[in-house]
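Novice: Dropping the structure in here first, questions after.
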């Protein structure tokens, strides 16, 4: 009888020990896997809505693409990469600006499309003399691996306002497609100021008030020497780009609408890039906590933009805001005429 009890206890401890070891092994494997997965939003945000059955544009090529990238990082052989048919391609479309217009959001949202592969970082090839001197081969190395039928896209907002860039891009590819995302100019100016202010505060540096920067003390007029103001005069730079590229190679994206109702804007970009319609409402869901739309790649993986997106803007004196709007108005009218797209800007 005593022997039976001891045997029963040993069996029980063995089973419990196996469960504990198995759980630890699962957690170790799971932790290593999560390190390699994109940011996943809360489970409640990932549930598949019942009314969108059959509309999920699954990234059927993502697994092979991720595998190819992993092989590349492990110094894999060219034969392994060739087996997956992964290559590096120069971009067929570039998001050229504008700064604080929504370039990162646009790039991330376009990456929802299975035929689009994005460069993870701003390359700054055409606006940086040192990088440009390295040649197109250097630029190509900065591109992501892709399949032959996919298109690579990069974004560097400084391209739009840098004088040398249009000619440099034209020399690389005169038929390239150019995406320009803009916001209401006064809003963009305030957003630009807010980003710089935050950077100064992190470094414990002082920075002038917005009103002190945008208004010239001597003339009491809008200070066009302030870079944030100049960048919001879109026609000033677009006219220079039109010396090298026809208007047909530009597509203007409404950055304000991309925040509030992104899908129609993304559909227009799909058409401009001659891509089949793949991005659906399922891929975009509003995160009330963050205050803007996040991305759903499939029923398992979701991603929100960095926490720095959606910064709270400082309060601006209404009279200063109105003065800026009046200043930008004639430039906006000209921008509408050039691009053929009208916005509801003051």
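Using the three backbone atoms N, Cα and C, a Cβ is placed for every residue, glycine included.
Pulled the feature table from TrEMBL, pasting it below:
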- 12-29: transmembrane segment (TRANSMEM)
- 91-335: domain 'Sulfotransferase' (DOMAIN)
- 100, 101, 102, 103, 104, 183, 191, 309, 310, 311, 312, 313: 3'-phosphoadenylyl sulfate binding site (BINDING)
- 100: active site, for sulfotransferase activity (ACT_SITE)
- 294-304: disulfide bond (DISULFID)
Novice: What is the separation, in Å, between the Cα atoms of residue 304 (disulfide bond) and residue 100 (3'-phosphoadenylyl sulfate binding site)?
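Specialist: A Cα-Cα distance of 17 Å.
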Novice: Here's one to test understanding: among the binding-site residues 100, 104, 191, 312, whose C-alpha is closest in space to the C-alpha of residue 294 (disulfide bond)?
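Specialist: Spatially nearest to residue 294 (disulfide bond) by Cα position is 104.
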Novice: Given the model, what does the mean pLDDT over the domain 'Sulfotransferase' (91-335) come out as?
Specialist: 94
Novice: Taking each of the binding-site residues 100, 104 in turn and counting other Cβ atoms within 10 Å of its Cβ, which one has the fewest?
Specialist: 104
Novice: Return the count of C-beta atoms lying within 10 angstroms of the C-beta of residue 294 (disulfide bond), excluding that atom itself.
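Specialist: For residue 294 (disulfide bond), the 10 Å Cβ neighbour count is 19.
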Novice: Starting from each candidate's C-beta and looking 10 angstroms out, tell me which of the recorded positions 304, 312 has the most other C-beta atoms.
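Specialist: It comes out as 304.
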Novice: Here are some binding-site residues: 102, 191. Which one has the most Cβ atoms within 10 Å of its Cβ?
Specialist: 102
